[in-house]
Amino acid sequence: MHHSNGQRIFIICLHLTQRFLTIKFLFGFATGIILTLIFNSRGINDLSDTKSFRPDQSKFEYEKNKNQKPNDDYLNSVNDNKQSLTGKWKYNWDGNLTTRGSSSRNLYLIRHGQYYDNAKQLSDMKLTPLGREQAVYTGKRLNEMKLKFNRLIHSGMVRARETAEIITENLQQTIELTEDKNLTEGLPIAPEPYAGISQKDVEVNELYLMYGDKSRIDHAFRTYFHRAMPSQSSDTHDIIVFHANLLRYFICKVMQFPAEAWLRITLNHGSITQITVLADGTVILKNIGDAGFIPVEKVTF
């Protein structure tokens, strides 16, 4: 079969075009693989130094991080952020110095009971049988106080809700449960002394995992920690069931201790911390992490 010169030129051009497209495809494919490997490598390197704390972090204690040593980045950040602490009480700490009422606000801060901290899904991190038993003891202890509680607030996490429900079952009074997702467990600020995480890690952790939310946690603090408003005609008693990291951080903030000291406090499951904010803004820490009502063999943290 004979082809004319025009046909031959057309066939040659067609073959060249096919080869060009094939080469272009292979080049693009190879480039894509190389760029993906480079990107993933950088991503792994960036995250390899970041401590991945779940919002239910249960093992975040100095006692469980004995071998952690600060790196140079952490030490530099500490030196750059030193604050001058005078120890003087800031009377307008809540911004309500000129609008105070005449009553006190009493807060009963409860850490939830023991739970399945190794569950893969947050919804499966429910109370263990021991955790439910601890919540019963907590509810009975609160009931023995013979107080009229105004509110019972709990975080949005299942273990806090379960603890709150068990507490209400053991209170000889009717009280409505209120959920506040701002009380969800998280990482408020890098602790000092060093415990395996710096403020840079907290910020990167927040960026990638979206739960180290200091602004959310501080909003929750402002919601519950303030002196009584003029509209409050009598003393109030609120129960708040939530999580250890936030609770410890709140203690430091309301007592005007350095916020970075929060991890120096250990709180048992089902324990009660009682804080009273007087009408003039004075704060009294009446007890912290009280678990003396739970039999010693049933105490966990």
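Backbone N, Cα and C atoms are what each Cβ position is placed from, and that goes for glycine too.
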Per TrEMBL record, range annotated transmembrane segment [choices 21-39, 135-153]: 21-39
Distance in Å spanning the most remote Cα pair of Arg111, His112, Gly113, Gln114, Tyr115, Tyr116, Asp117, Asn118, Arg159, given for substrate: 18
Cβ neighbour count within 10 Å of Arg111 (substrate binding site): 27
Surrounding CB atoms that lie within 10 Å of the CB of Tyr115 (substrate binding site), all protein chains: 24
Asp117 (substrate binding site) CB neighbourhood, other CB atoms within 10 A: 13
